[in-house]
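Under the heading disulfide bond, TrEMBL lists CYS240-CYS242, CYS273-CYS276.
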Amino acid sequence: MVDQLIRATAADGGIRVVGVTTTRLVEIARKRHELSYVATAALGRAMTAGLLLVSSMKEPQSRVNIRVKGDGPLGGLLVDAGLDGTVRGYVEKPEVELPPNADGKLDVGGAIGREGYLYIVRDMGRGYPYSSMTELVSGEIGDDLTHYLANSEQTPSALVLGVFTGADGVEAAGGLLLQVLPKAARDEGLVSLLEERLGSLTGFTPLLRAGKSLPQIFEELVGDMGLEMLPGSQMVQFSCRCTRDRMLSALRMLGIDELKDMIEVDKGAEAVCHFCNEKYRADSDQLQDLIDDLELQANQA
Ligand code: ZN
């Protein structure tokens, strides 16, 4: 089944509910980056969160970047998610694996580290991105983002993120975001009620693994609070914006001497996209084209 994002409201529009399944796209990220189990969980949670966060933005080109930088062995991660349903991301040390934590779960907090920062950049595509930073709470990503939403965006929110990986790859991944909107924000009881509900939900990934759909999970969560599903679902996918042309223009910026050196020493160049691990190779002829172009430009100047 394709990954999708759906929206709903509850409590007379006072609560915003967004759910997303990301099983396929996290599996694609796992394969592309050759992620360990714990790295799959960390990046999967962050990619899922990126899609949930960007879903409330209005401008069609809107994007959210999530950067997590902790003191753990994973060395940080970066996610870029768009309102168009595309998401990409990477971790610095994809091979790092850790033993399960005391609860027998993947130790994402240990891998990210509990000391560090969470950076969020919201870009509406108009050239003035809005960025903010908070300290990590646990490094588990879900807690850190809940803390961020409550403090930086002053939107009381409850967030759950889950990634379950078996021996054959990602079996279930997704997330839920419940937000109390300004019109209902004075109702403090509502926030704790939502947190309670999320806490009583017997895990999100087990429900997905058991074949429950997002509407069924919404129903279970806030079905008695005037749940109204918003029409339509949005397809979400792992997608990178890198292209061969962009890679060539990056090489071009190295300058004539460096490019000549690459021809001499390596008979070409290889560039790897951080976000999707795509490898682009330029041979000597292509590098020479860049040099010719640069020289032509220099002579014209
Ligand atoms: Zn790429």
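Residue numbering: from 1, along the chain as shown.
Glycine residues also receive a Cβ, built from the backbone N, Cα and C atoms like all the rest.
The local packing around CYS273 (disulfide bond), expressed as other Cβ atoms within 10 Å of its Cβ over all shown chains, amounts to 19.
Cβ neighbour count for CYS276 (disulfide bond) (all protein chains, 10 Å cutoff from its Cβ): 19.
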